[in-house]
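**Student:** This is the structure I want to talk about, given as structure tokens.
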Amino acid sequence: MIRDYSKFLPPSGSRKIPKREPSSLEKFGWKPFFSQQIDVDAAADAPPVRVVEVHRTGLRVLGESLDTLIPPVPNATVGDWLLYDPQKPSNSQVLERRSVFARRAPGSDRKRQLIAANVDTVFIVSSCNKDFNIARLERYVALAFEAQVTPVIVLTKADLCDNPEAYVKAANTISNRVLVEALNALSEEPNARLAPWCKPGQTIAFLGSSGVGKSTLVNALFREGIVDTAAIREDDSKGRHTTTRRQLHFTAEGCAVLDTPGMRELQLTDVEAGIADVFADIVALARQCRFRDCRHDSEPGCAIQGALERDEIDPDRLARWNKLTAEERFNASSLAERKTADKALHKMINAIQQKNRK
Ligand SMILES: Nc1nc2c(ncn2[C@@H]2O[C@H](COP(=O)(O)OP(=O)(O)OP(=O)(O)O)[C@@H](O)[C@H]2O)c(=O)[nH]1
Ligand SMILES: [Zn+2]
């Protein structure tokens, strides 16, 4: 039997598949990852909305013809998708995240605080000058990997430097999973060079020290102004505007840009997996050491020492890996463990002082 497949093919003459306009949810960053989590019937009663602002008193959410302020929802952060419960908004359910930036609270309980959710790309910004520091870049890349966000290294001030290629080359050694762009942030370059990651429906963030050009890059992306549907302004009880703590701004192209002070204070906490991703080659070697608890010092059968002797790994990079993992271990240790360590230290100091007094 000869089957007629023609009904499955596009009608002749219309070979080009028409480009579908993104829905408003897609413009806000909705992706198949989220649709897979919901059941279509339930979504009619509890439609998906995105948290675009986090205030002290509540959240601003955007959805299909919906833009409203709701009271805080437990465990929701900027960038989250919620299934909006119109009867009791604070009961809205947080959808599983594609990515999340978190940090350990500075207080004594050191609780995990969510900074931002569902960021697709983070631009790790440094400059082709003294700010450039491989160890710091590695740290940021580890944070991004841990958060499941794609890192892209952007080296600004290429126009002020004789040999930007040297910086690009150095940054390229960090991980073969990270692309590096060097540019002049004050020129026309940023829009074209960052465009692949700033498409409609994408959510981006910036990380980097002060003065490297983060604001300059953001300004370049917003050259046509900030498209904030900002109809709502929140006043506190005294009629003053309360400051927005965490926010997504949309560019004219429809890319969401994260604006949150918390990103600056991101520390290395619980980034063990991220560090292992950045230093995947060294971690793979460490697994081949004869002893499971090998300290890669002078133990027999140490694969890392072997690789060093054969010039297969960079000793500086190994030193940075050691430092980062030690830091991560310290940051991840519980308060109780730190107290014990502090007590032990205190006892030791006391003992030394007593000995000196004798
Ligand atoms: N020539 C040149 N100047 C740049 C470039 N990028 C940034 N600058 C300048 O460097 C200075 C600092 O840039 P900002 O964009 O304010 O840096 P930032 O990272 O936002 O700094 P913070 O707001 O302190 O975190 C400004 O005077 C910029 O004009 C660049 O690629 N080339
Ligand atoms: Zn070893």
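Backbone N, Cα and C atoms are what each Cβ position is placed from, and that goes for glycine too.
Okay, these came from TrEMBL:
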BINDING   T156, K157, A158, D159, G208, S209, S210, G211, V212, G213, K214, S215, T216  GTP binding site
BINDING   C289, C294, H296, C302  Zn(2+) binding site
DOMAIN    111-266  domain 'CP-type G'
DOMAIN    117-264  domain 'EngC GTPase'
**Student:** Would you identify the secondary structure of A158 (GTP binding site) according to DSSP, in three states?
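**Tutor:** Where A158 (GTP binding site) sits, the three-state DSSP reduction gives helix.
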**Student:** If you check the binding-site residues A158, C289, C294, C302 one by one, which have a CB less than 6 Å away from any atom of ligand 2?
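**Tutor:** C289, C294, C302, by Cβ distance under 6 Å.
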**Student:** Check the Cα-Cα distances from A158 (GTP binding site) to the binding-site residues C289, C294, H296, C302 and tell me which is shortest.
**Tutor:** H296
**Student:** Three states by DSSP: which one describes C289 (Zn(2+) binding site)?
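**Tutor:** Looking at the DSSP assignment, C289 (Zn(2+) binding site) belongs to neither helix nor strand, so coil.
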**Student:** Helix, strand or coil: which one is T216 (GTP binding site) in, per DSSP?
**Tutor:** helix
**Student:** For the recorded Zn(2+) site formed by C289, C294, H296, C302, name the remaining residues of the chain with Cβ within 8 Å of the site's Cβ center, in chain order.
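**Tutor:** Sorted by sequence, the hits are A286, R290, F291, R295, D297, E299, G301, A303, I304, Q305.
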**Student:** Can you list which of these binding-site residues (S210, K214, C289, C294, H296, C302) have a Cβ closer than 6 Å to ligand 1?
**Tutor:** S210, K214
**Student:** C289 (Zn(2+) binding site) to K214 (GTP binding site): how many Å between their Cα atoms?
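**Tutor:** Counting only the Cα atoms, the answer is 42 Å.
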**Student:** For C302 (Zn(2+) binding site), identify the closest of the binding-site residues G208, S210, K214, T216, judging by Cα separation.
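**Tutor:** Checking each of G208, S210, K214, T216 against C302 (Zn(2+) binding site), the shortest Cα distance is to G208.
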**Student:** Using a 10 Å cut-off, grab the number of neighbouring Cβ atoms around the Cβ of C294 (Zn(2+) binding site), all chains included.
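**Tutor:** I get 18 for this one.
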**Student:** Among the binding-site residues T156, S210, whose Cβ has the fewest other Cβ atoms within 10 Å?
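**Tutor:** Output over binding-site residues T156, S210: least Cβ neighbours within 10 Å is S210.
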**Student:** By DSSP assignment, list the helix, strand and coil residue numbers for the domain 'EngC GTPase' (117-264), in that order.
**Tutor:** 47 helix, 35 strand, 66 coil
